[in-house]
Amino acid sequence: MKLPIYLDYSATTPVDPRVAQKMIDCLTVEGNFGNPASRSHVFGWKAEEAVENARRQVADLVNADPREIVWTSGATESNNLAIKGVAHFYASKGKHLITSKVEHKAVLDTTRQLEREGFEVTYIEPGEDGLITPAMIEAALRDDTILVSIMHVNNEIGTINDIAAIGELTRSRGVLFHVDGAQSTGKVEIDLASLKVDLMSFSAHKTYGPKGIGALYVSRKPRVRLEATMHGGGHERGMRSGTLATHQIVGMGEAFRIAKEEMAAENVRIKALSDRFFKQVENLEELYVNGSLTARVPHNLNLSFNYVEGESLIMALKDLAVSSGSACTSASLEPSYVLRALGRNDELAHSSIRFTFGRFSTEEEIDYAAQKVCEAVTRLRTLSPLWDMFKDGVDISKIEWAAH
């Protein structure tokens, strides 16, 4: 077993070796290095063929038409293109959007920008299980609502929203529905032929593909129109200009092909690893699981260890790569906005650690990690006066701390 142990698969995943090999074949002079937009020679034709094959592979995983897949630089760009693209194109119909308080920053910062441009946005508060229900969305819908944007799987707590039910509601009201699917590909079945989803964002690097490449599903029936945010040579039917990165696109295609083939077996294995880890830590006192216990992916365990400061615990677990909150925002010392939205107090939000498991996690690593967590939590609590007071039966929430 090699240290440190990687338990941060929701931040990024290593590229599967099978994917890396396919990518290498598209880089050098011996390989498929041409520009897919070069129509006048075989180098361009071969590159275009590889790109279209990858488009089919991505579409196959989510049961879409390949013509509905638009290449982007990642899920952040896909979210921007979907939300801004719809808002700007349909602004004459209405200027109201709906999203939730627990979305990824790539959605929340995009809607904040639209607010500065004069759009109105309703931010739905989830239940304490972290889920967004159709009833919550129905209560927020207005006559001038043009778009609802709700994530499929939450990046911090791993909860799965019922996008099928939400889609039925939005379609019946004639409102477009965008789903951030960055964390769900390869973890949850996605069937866009039956889901009433108009736009869906995908990322390669959360699914054992390379960073810097993603895709946006744009429905053809019913047809969704977008205003482009990237202008240039008119690539991707004018929706996203820029020379296509053949090697990254081929990598994403291969990663999604593997995900389709191996997802069922992989989910069973990862559920067993997650259960194995939890069984070894669940007897720790004052341990809380963040998010729904049932509607969640097995890959994610977000735990709060009360009376232990999350950052101290991360430092104590120096052989484990884990995170507090999302990788994109964990540099700030603010408590996780996702956990605050669930109604967790500052102390519990600050004591949370996200453990995420993946394709290359082993039982040996899981056992070692669980043992280290138990040791570190127990040791840090012996150093905490608050823990002593709690053990003595003092209700810490009732204490009035005097300022000096």
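Positions of Cβ are set from backbone N, Cα and C atoms, glycine also.
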Among N32, N155, N283, find me the residue Swiss-Prot lists at the same pyridoxal 5'-phosphate site as A75, T76, Q183, S203, A204, H205, T243. N155
Listed binding-site residues T76, Q183, T243; those within 10 A of K206 (N6-(pyridoxal phosphate)lysine), CA to CA, turn out to be Q183
Have a look around A204 (pyridoxal 5'-phosphate binding site) and count the other CB atoms within 10 A of its CB, chains all included. 29
May I ask you to report the DSSP-based helix, strand or coil state of T76 (pyridoxal 5'-phosphate binding site)? helix
Three-state secondary structure, S203 (pyridoxal 5'-phosphate binding site) (per DSSP): strand
Given a separation of at least six residues and a C-beta threshold under 8 Å, show me what packs close to A75 (pyridoxal 5'-phosphate binding site) in the same chain. H104, A106, D180, G181, A182, S201, F202, S203, K206, G214
